[in-house]
Amino acid sequence: MNKKVSSFLVVSILLLVVIIYSAITGSVKMGMMEFIRAFFGEDNQNYSVIKDLRFPRIIVALFAGAALSVAGVLLQAVMRNPLADAGVIGISAGASFVQLFVITLFPMMFFFTPLLAFFGGAIACFLVFMLSWKSGLNPLKIILVGIAINAMFTGLTEAFVTLCSYMNVMVGGVGGSNLSMRTWSDVRLISFYGVIGLLASLIVASWCNLLTLQDKTAKSLGFNVTRARLIIAAIAVLLAAISTATAGVIAFVGLLIPHISRRLVGSDHKWLIPFTALAGALLILTADTLGRILVSPLEIPASTIMAIIGGPFLIFLIRKDK
Amino acid sequence: MKVSQIELSYDQKKNHLDGVTTSLEKGKITTIIGPNGCGKSTLLSVISRNNAPQQGSVTLEQKDIMAYKAKEFAKKLAIVYQQNTVPQDITIEKLVAYGRVPHQQLMKKNAEEDEEAVNWALTATNLMQKRTCKLEALSGGERQRVWIAMALAQKSSILCLDEPTTYLDIFYQIELLELVKKLNEENSLTIVMVLHDINQAIKYSDHIILMKDGKILCEGSPIETVTVDRVKEVYGVEVIIETHESAGTYMVPVSI
């Protein structure tokens, strides 16, 4: 059996195991068999508690992980840069700030949360592109500009939240990066836009492959490089924005997962995109589950765990690139 | 293909192409030569539509090349650049199949025709045995052939090559130029290339364009174009040009 297929199998099995483990572990506990029987229809009180409290959290974690990882792959294809990640270059921070700002001032806009997040992410993405384009596609330059944009939006968010707390204004939207207290309405939101974004990313997989050629070579094949870049970047921003709108800012997933995935299934995006979706879902659910049980009854947010793993990993990637 | 009065400047200070007018004959091998910075690669990039000229026009089959749709133009003209980047784990047949992009729409492709074109391109470049290999497993000469195969899969009638031999050993240089000659003779491909090596240009071209400072200094058959005086004028090198019974016409530098 080849490496690609076995990687898919292993990740799928692990994903299933972690989903079940995450569902039955916590303040309300269930046995594995008990859980499986209840899942297939047996009456069980614990199960209904778990279903309402833990399932939404698990599903949001899965989609957020998948969406952020695929967003990473797409951004890396568009910027031709293995270090691009929605969380690191400020797209998530932009999405987070705009939705927080608008919803706090106009709580009635809550319904448009995804749209606002998309708008914020798009602004950040555009700024990164515009400010780093001049020197071609120098990977480190994009990262430096991205980090600056990220700092700017994070700072704006913090300033805004601080001001609001002085003035006793309730801050709307998803502020922190904690996956606790997710509800079925969060699930509906992220699964709807998440599925759209993930399907769209599969459709543009062949474009991502063509972008790995040099621009002038891709152009000589009659391929519209600029249009493809715009569409792929828009899909990436959608995925990053929707996961930010429901799960908060989580950095480094889009860096770590695509890198490992390339090792396992190669750089053909037709394999890479579905694989990163699965692996990303696995990573975020694992991080969230660990955060939930390590110091129980307290919690460490998944984003904190990702930052602890991801920071050193970015340093490793930058050193290896040289 | 007709090129008329092309002017192009990258920085508004210097004309990188200054009133270039020429025509490229169908079914022939045309080579552009000249010293570094003379505009030879720029001219090739204008012909292949990678750069739009500020003045003047290039027409192909009586139509301005800028008026073609991108994919339509890619079916008429293919280009191989000097340096190429791509993930090293891609297989040869997949890379060559990218040459079929101009013939495909997002949802519509003719699998049989694509397969046939890829097979033909792989056979023509002698890569059939290597088709399932990954790019990383190939030598420099083989890689350059893969890029040519990709361009051939476009099934265009014009093939442009930008310094195709620059990074190759002499064996692969000759192998590559023989391949170009064969493609020209057997498939009546029109070849337009930029070469550094004047002897190779003399040996493998039907027509030579000699450029200096963004202008065409002279053009014609190799023997007419490359003369002792012109080489001195353009490159600043004293040379001897002789004709040998079996080697043909060749040039040897003597001093500067």
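The backbone N, Cα and C atoms fix where each Cβ goes, and this holds for glycine too.
Just so you know, TrEMBL annotations never went through curation; they're auto-generated.
What you see is a predicted model, and the numbers here were worked out from it, not measured in a lab.
Listed features, source TrEMBL:
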TRANSMEM  A:6-24  transmembrane segment
TRANSMEM  A:58-77  transmembrane segment
TRANSMEM  A:83-103  transmembrane segment
TRANSMEM  A:110-130  transmembrane segment
TRANSMEM  A:142-169  transmembrane segment
TRANSMEM  A:190-212  transmembrane segment
TRANSMEM  A:232-259  transmembrane segment
TRANSMEM  A:271-294  transmembrane segment
TRANSMEM  A:300-318  transmembrane segment
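Across A:6-24, A:58-77, A:142-169, A:190-212, A:300-318, stretch A:58-77 shows the highest tally of CB pairs under 8 A with the transmembrane segment (A:271-294). Sequence-distant contacts of the transmembrane segment (A:110-130) (same chain, six or more residues past either end, CB-CB distance under 8 Å): 79, 86, 89-99, 102-103, 142, 145-146, 149-150, 153, 172-173, 189, 193, 233-234, 236-238, 240-242, 244-245. Segment contact holds for the transmembrane segment (A:190-212) and the transmembrane segment (A:58-77), given three or more CB pairs below 8 angstroms at sequence separation of 6 or more. Packing against the transmembrane segment (A:6-24) from elsewhere in the chain are residues 30-32, 35-36, 50, 54-55, 58, 62, 264-265, 274-275, 278-279, 281-282, 285-286, 288-289, 292: each is 6 or more residues past its ends and has a CB under 8 Å from a CB in it. With a threshold of 8 Å between CB atoms, the same-chain residues lying at least 6 positions outside the transmembrane segment (A:300-318) that come near it are 61, 82-83, 88, 140, 176-179, 247-253, 255-256, 259, 283-284, 287-288, 290-291, 294. Nonlocal intrachain contacts for the transmembrane segment (A:58-77), taken as residues 6+ away from its ends with a CB within less than 8 angstroms of a stretch CB, comprise 19, 22-23, 83-87, 89, 91-92, 179, 182, 186-187, 190-191, 194, 197-198, 201, 204, 208, 211-212, 232-233, 235-237, 239-240, 242-243, 246-247, 250, 253-255, 257-258, 261, 269, 272-273, 276-285, 288, 302.
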